[in-house]
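Read the structure below first, then the notes.
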Amino acid sequence: MGRRDPEEGPLPAPVKPPDGGWGWIVLFGCFVITGFSYAFPKAVSVYFKELMKDFHVGYSDTAWISSIMLAMLYGTGPVCSIMVNQFGCRPVMLIGGLLASAGMILASFTTNIIELYLTAGVLTGLGMALNFQPSLIMLGTYFDKRRPLANGLAAAGSPVFLSSLSPLGQVLLEKFGWRGGFLIMGGLLLNCCTCGAVMRPLDMGMKRKMDKAQDKYEAKEMLPIGGKSEEGISTTDGTKKAKKAKKKPKKGKKLLDFSIFSNRGFIIYTISKFILVLGLFVPPILLVNYAKDTGVPDTEAAFLLSIIGFIDIFARPACGMVAGLKWVRPHVAYLFSFAMLFNGLTDICSARASNYTGLVIFCVFFGISYGMVGALQFEVLMAIVGSQKFSSAIGLVLLIEAFAVLIGPPSAGRLVDALKNYEVIFYLAGSEVALSALFLAMATYCCLNRGKKKEPPPDKNPSAAGGSDTEEAESDVQEAEEHSSDNHQPAHSTDNTMVAASEEANHVAEEQSGEGGGCPERDGEVLARDSCNADQMVERDRF
């Protein structure tokens, strides 16, 4: 069913996600953007030693570059949501790509560490944030049935780019120095503009269909209608002008939709995600130093992170495929809880690993669980709020996660300095991740599922658990139809003729029932109902 407008006639139905076609190009762009957003702050650490020598600063001072990038990526979420809601995804991503590239290019000409904070940290971090969030929004727009698989494939960009950007940065450092490396890396970030250019909105296709439908309707209006075609057309034109004069201006779109906080599922997800981030990133940050303290050589200790990245590459798409199964997708929140619980138990069980073999086993299981979490985190959020409100939801979630990122890893580092014991840190981090898993599973079962049993949903669509964007589109269509049917007034003179005929029929029926000629009292009602059906048939012919 399409939207029915009194002025423009029947409009085409809302565009459904194609689940393919140009969506695969959008998926590839999202893959590249995700890779740059998550891997670039870590790959920049290759240049830290040279920066320490040139600027005469310590490791903690240079580490602030990556921290500022991540803080901008998470903390500017609401700003990105406002810009996307105001201007759309493609313009925001183009601007973000230019800012990210300009930040690294300007960083190659800096003379002190503060200038690096402002260029490579703030400017590049803001540019990557303006690319990351809109790319996820576009991915949810183009995919519905295959969305879990698409999210898993896009999330695989993080380990793939991490395993490639770090060696590339080392080569650039050896041949061109850190300034030349920053300059070339800034050129690579211009690929974000290319990825933004392919993010074609689906509204363009719908707009073309609407224009065609309106042209057909206007052509239909110009056809002669009986002997009073000129009078009917003039009446229609006068009615259109009167309605356009009375038409109220459209309300502006909300820049940031805070109504999502009335969604209990969103609140549960946000709380569990905050607890998760407190401990999720702690083990990989402390893993290399932990291995060195146990007597593992430096080269073998660094190889542990490569193991996690290699396993992560395959874990994310595989988990996306599993989440897309028909019998799994309605329960994707529980699969996400299982992934977090798996990750937390891995941290707890490996806290006492004292040799290299035990650490390798830990890296294998941690890579699997970490990949599952990365593949499911945004899929669960899309399933909860739908694609219409996802732009606002992800911005607010990333802002809340920014506080957890600033609390979790720094606090773990201080505990290591104070206790000189990594086991306690792994126990604490694993407990936080496991707690978030238990909270999400129990809250989803107690607060959401029981509520559904008490209040059965009006729509019994089997794909409702994973397609809330389709439900919102259908509700918008129904509201538009009800509004147009309430405010609809006949415009042609032929309608007046049919109304007069129906009144005469009702008058004859009343006279017959008054005389008592054996006709039942409901004859007038039948005639009236028939006349209404005739009116409806005329209206259908008009449209």
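Even glycines carry a Cβ here, placed using N, Cα and C.
What TrEMBL records for 469-479 is compositional bias 'Acidic residues'.
Feature annotation from TrEMBL assigns compositional bias 'Polar residues' to 487-499.
Feature annotation from TrEMBL assigns domain 'Major facilitator superfamily (MFS) profile' to 23-448.
According to TrEMBL, the feature region 'Disordered' maps to 452-543.
TrEMBL lists 21-40 (among others) with the feature transmembrane segment. Counting only same-chain residues 6+ beyond the ends of the transmembrane segment (21-40), those with a CB under 8 A from a CB of the stretch are 69, 73, 93, 100, 124, 128-129, 131-132, 135-136, 138-139, 142-143, 150, 153-162, 165, 185, 189, 191-192, 194-196, 198-200.
Long-range neighbours of the transmembrane segment (63-84) within the same chain, counting only residues 6 or more positions beyond its ends whose Cβ lies under 8 Å from a Cβ of the stretch, are 37, 40-42, 44-45, 48, 92, 116-117, 120-122, 124-126, 128-130, 132-134, 137, 255-256, 391-392, 394-399, 401-402, 405-406. Taken from TrEMBL, the feature transmembrane segment covers 63-84 (among others).
Taken from TrEMBL, the feature transmembrane segment applies to 91-110 (among others).
Taken from TrEMBL, the feature transmembrane segment covers 116-137 (among others).
Listed by sequence, the residues of this chain that lie at least six past the ends of the transmembrane segment (181-202) yet keep a Cβ under 8 A from its Cβ atoms are 15, 17-18, 22, 25-26, 28-30, 32-33, 36, 40, 47, 88-90, 92-94, 96-98, 100-105, 107-108, 120, 124, 127-128, 131, 134-135, 138, 141-142, 169, 172-173. Per TrEMBL, the feature transmembrane segment maps to 181-202 (among others).
Per TrEMBL, transmembrane segment is recorded for 266-291 (among others). Nonlocal intrachain contacts for the transmembrane segment (266-291), taken as residues 6+ away from its ends with a CB within less than 8 angstroms of a stretch CB, comprise 260, 300-302, 304-305, 308, 340, 343-344, 347, 356, 359, 363, 366, 370, 373, 377, 380-381, 384-385, 393, 396-397, 400-401, 403-405, 407-409, 412-413, 416, 422, 425-426, 428-433, 435-437, 439-440, 443-444, 447-448.
What TrEMBL records for 303-325 (among others) is transmembrane segment.
Through the fold, the transmembrane segment (332-353) approaches residues 148, 272, 276, 279-280, 283, 294, 319, 322-323, 359, 361-362, 365-366, 368-370, 372-373, 376-377, 379-380, 383-384, 422-423, 426-427, 429-438, 440-441, 444, 465-466 of its own chain, all at least 6 residues removed from its boundaries and within a Cβ separation under 8 Å. If you look up TrEMBL, you'll see 332-353 (among others) marked as transmembrane segment.
According to TrEMBL, the transmembrane segment annotation covers 359-378 (among others).
Under the heading transmembrane segment, TrEMBL lists 390-412 (among others).
The annotation transmembrane segment is assigned in TrEMBL to 424-448 (among others).
This prediction places the mean pLDDT of the domain 'Major facilitator superfamily (MFS) profile' (23-448) at 84. Taking every recorded stretch in 116-137, 303-325, 359-378, 390-412, 424-448 and counting its Cβ pairs under 8 Å to the transmembrane segment (91-110), the highest total belongs to 116-137.
Only residues 6 or more beyond the boundaries of the transmembrane segment (359-378), in the same chain, are considered here, and those with a CB under 8 A from a CB of the stretch are 136, 148, 151-152, 155-156, 158-159, 273, 276, 280, 283-284, 287, 290-291, 294, 296, 304-305, 307-320, 323, 332, 335-336, 339-340, 342-343, 346-347, 349-350, 353, 394.
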